[in-house]
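**Student:** One structure is given below, represented as structure tokens, and several questions about it will come after.
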Amino acid sequence: MSLALAAVHPVRGFLPDLKFSLQGAGGATITQQAFEGKVVLMFFGYASCPDICPTTMAQLALVTEALGSKADQVRILFVSVDPHRDTPDILQAYVDQFDPHAIGLTGNEKAIAALARRYRVAYQIQRPDPEHPEASYEVAHSRGIYAFDQQGKAVWLAADGESQEDLLAALKPLLR
């Protein structure tokens with residue numbers, strides 16, 4: 001393994017293929033089939049996250065921008081772990097602030113939990129009070145960027161704090 005890829009961990013054969021059915025903007029059902037032929041970078045978070053999520057989304061936007069004309073081969077999937085606050089349209093407005101190649105996805109609690117289990121993502125939500133839905137509450141989540149090739153095979157996992165250079169070095173071999 002080259003030194004440039006040392007920070008990005010290969011997972012081919014250790015994580016399952018890309019597979020999901022969630023809601024995107026306008027409430028449309030979106031599955032992994034919508035991304036066939038694209039390299040997918042998937043990150044779990046939530047739109048009102050004060051630190052990790054906006055930093056990671058900005059980093060991924062810089063990575064896709066650095067790809068130039070090849071950026072169209074990549075899609076960033078931002079999967080919300082906070083379905084109580086993050087509607088499909090709120091999520092899409094959030095990711096649109098960072099990158100035109102980003103898609104915001106959410107679902108009901110059961111769908112989010114199943115997808116998180118599939119990719120070993122840990123998260124915890126302090127349940128919102130039904131009598132005070134506007135009140136703030138805590139959300140904690142693990143951090144990682146999952147990469148899938150054009151056939152939906154999991155190829156690597158990177159920490160959200162990896163450098164732009166390391167992410168680019170790992171991403172470029174996946175592009176045509």
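Note: Cβ is positioned from N, Cα and C throughout, glycine not excepted.
I grabbed these lines from TrEMBL:
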DOMAIN    9-176  domain 'Thioredoxin'
DISULFID  Cys49-Cys53  disulfide bond
BINDING   Cys49, Cys53, His141  Cu cation binding site
**Student:** Given the Cu cation site residues Cys49, Cys53, His141, which other residues of that chain have a Cβ within 8 Å of the mean position of their Cβ atoms, reported in sequence order?
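**Tutor:** Close Cβ neighbours, site residues excluded: Phe44, Gly45, Tyr46, Asp51, Ile52, Thr56, Val81, Val139.
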**Student:** If you count, for each of the disulfide-bonded residues Cys49, Cys53, the other Cβ atoms lying within 10 Å of its Cβ, which residue has the minimum?
**Tutor:** Cys49
**Student:** Please give me the CB contact count at 10 A for His141 (Cu cation binding site), counting all chains in the structure.
**Tutor:** 21
**Student:** What Cα-Cα separation, expressed in whole Å, is found between Cys49 (disulfide bond) and His141 (Cu cation binding site)?
**Tutor:** 10
